[in-house]
Amino acid sequence: MSDLPDTDFTQRFIFDERDVRGELVSLERSYAEVLAKHPYPQPVAQLLGELMAAAALLVGALKFDGLLILQARSEGPIPLLMIECSSERDIRGLARYHAEQIAPDATLGDLMPDGQLALTIDPAQGQRYQGIVDLDGENLSECFTNYFVMSQQVGTRFWLNADGQRARGLLLQQLPADRQKDEDDREDSWKHVTALANTLKAEEQLGLDNETVLHRLYHEDAVRLFDIQPLQFRCSCSRERSGNALVSLGQDDALALAAEHGGAIEIDCQFCNQRYLFDETEIAQLFAGGGVDAPSDTRH
């Protein structure tokens, strides 16, 4: 067990007298590890943190066994933001950007004009699901809210913030009628909880603990906060996976590629910068069925 304080986790809460549930996320160490892999400008780091927070919230809300992948793409200064978060709450992320086009005060619309947001669920069993919407909100919080407006009837709202050191998120979601049967009462409740959440300032969300945030917003409501669910940065790349990628090329093409690069192929993980080197002897061994030296569960 680590003696370090909990900084990376999701935490669920419910309203005892309303058909509304919520989820909070806090990311610090995992966020720092993602940012440490590449020298991201502040606007890119901020959006990447918000997307990490959204991914963590969705893993908690959607309840599946497998991998969640979020991708925001555009033809603008940031062509790609990508986050992967597993149902075990292992998270990693990356961004592609044109540094010379990144203005310090740029908005989401400036950085990712005419962009699209793709949400992919790759379950351990069953078919892969993907939904795509335009990045037409003023910020990522609005974009995710719009996604759920278009994809399902249940009310879902997001509040996301990041500053390069911390990433925080709040999700509110309507539940099926249970505590409140009258539709007008349900709608009033939803307007009530979302209106209060709209008063949460970025500095409050980033600087206050969950208990304080909930008291600040909902001290007149009966709210139950559940135990935290830890998250961690972990990259799923491995030498075995890199070897399998070479095998997919075919032996002749893999050996030819090695010959073009001085007798070896180097595969770099885009998420964590880990490098895997395969010389011609090791490549031949892959196709002879010898496998690779590193264990298959190498994760870091």
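Quick reminder: no glycine exception, Cβ is built from N, Cα and C everywhere.
Quick look at what TrEMBL annotates:
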type	residues	note
DISULFID	C235-C237	disulfide bond
DISULFID	C269-C272	disulfide bond
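All protein chains considered, the CB of C235 (disulfide bond) has 21 other CB atoms within 10 Å. If you measure from the Cα atom of C235 (disulfide bond) to that of C272 (disulfide bond), you get 7 Å. Cβ neighbours within 10 Å of C272 (disulfide bond), excluding its own Cβ and spanning all shown chains: 19.
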